[in-house]
Amino acid sequence: MNPTALMIMLLSLAIGTTMTLMSHHWLLAWIGLEINTLAIIPLMTKTPHPRAIEAATKYFLTQASASALILFSATMNAWKTGEWSITLLSDPYTITLSMALMMKLGLAPLHFWLPEVIQGIPLSTGLILSTWQKIAPMTLLLQISHLTDLKLLITMGLTSILIGGWGGINQTQLRKVMAFSSIGHLGWMVLILKFNPQLTLFNFLLYITMTAAMFFSLMSISSTKISEISSSWPKSPILVTTMMLVLLSLAGLPPLTGFSPKLLIILELAKQNTLLLASVTMLASLLALFFYLRLTYVMILTLPPHIPPSSTHWRTTKNSPLTATMTTLALLIFPLSPTFLPII
């Protein structure tokens with residue numbers, strides 16, 4: 001892609017998200033979401049491939065439907081209340097706006113577009129779609145969290161955790177694995193949204209850190225399949241090892257970063273006297289833990305080693321400082337989480 005066009009698209013993404021973050025008005029928030037949607041579509045289709053065109057079309061139709069629902073609901077709410085304020089919602093429109101925002105995020109059962117779209121686009125665009133594009137809808141959800149129906153949030157959260165675990169079990173494509181991982185993590189965030197919005201924000205920041213670290217690592221070795229990661233071991237053993245640890249961090253194993261939000265969420269659910277919900281959540285998360293462990297096992301232990309025919313067996317790939325920084329954060333934030341949480 002032309003560097004000037006790329007700069008314009010990335011600048012538009014930044015402007016759209018910033019507009020949504022700064023707005024107290026539903027119309028301005030909707031305009032920011034629309035700018036975000038339109039700015040990422042050229043990035044999806046920068047490689048003229050039928051899969052990329054199909055992914056961009058699916059993404060556009062889904063996001064346009066969600067945006068139309070947001071606009072119609074906000075207009076009807078303004079007609080009823082006389083206010084466009086984000087925090088002033090009347091009862092029937094809170095549910096429709098919440099569902100539209102969850103559709104934009106890719107929460108189950110409105111998740112069907114997300115794995116197919118991420119599978120059809122480049123890794124760099126998948127990184128933006130999995131991290132940056134979720135900031136604006138999640139911010140709006142946080143702003144209306146005190147108005148959202150608790151039963152809706154619990155149902156969507158548990159469904160997303162189950163679908164995120166089930167869907168990723170038999171995947172061999174790493175981009176689809178990351179898509180179902182995103183669905184599962186968003187389920188954890190929505191589950192605790194009504195009880196403790198600050199904990200949802202903390203979980204969201206750690207999710208962005210771990211997902212970005214994984215995508216940067218995949219981009220460094222240009223891998224989209226599990227078998228390609230295995231063949232990358234002779235080229236960069238340290239990077240593949242850290243990728244395995246990032247996967248375990250996404251799974252939520254201690255003492256890695258991903259254990260922190262899961263521990264705090266379970267403690268918060270127990271504090272709210274919802275022990276049954278906490279138990280069901282932990283049992284549902286075992287599905288995701290299984291496919292993460294299976295993926296790391298396949299990456300390192302079961303596939304035969306691919307030894308290059310040259311005499312130089314250990315060839316290193318160039319790792320950017322950004323990849324190293326994000327990977328370090330994705331692995332080592334857990335001891336610092338009690339410091340970060342009061343700030344949020």
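Here the Cβ of each residue, glycine as well, is placed from N, Cα and C on the backbone.
A TrEMBL annotation is a machine prediction, not a hand-curated record.
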In TrEMBL, which of the ranges 3-23, 66-86, 87-107, 150-170 has the transmembrane segment annotation? 150-170
Report the listed stretch (150-170, 201-218, 276-301, 322-341) having the maximum count of Cβ pairs within less than 8 Å of the transmembrane segment (238-256). 276-301
Give me the stretch from 150-170, 201-218, 276-301 with the greatest number of Cβ pairs under 8 Å to the transmembrane segment (322-341). 201-218
Taking every residue in the domain 'NADH dehydrogenase subunit 2 C-terminal' (289-341), the average pLDDT works out to 70
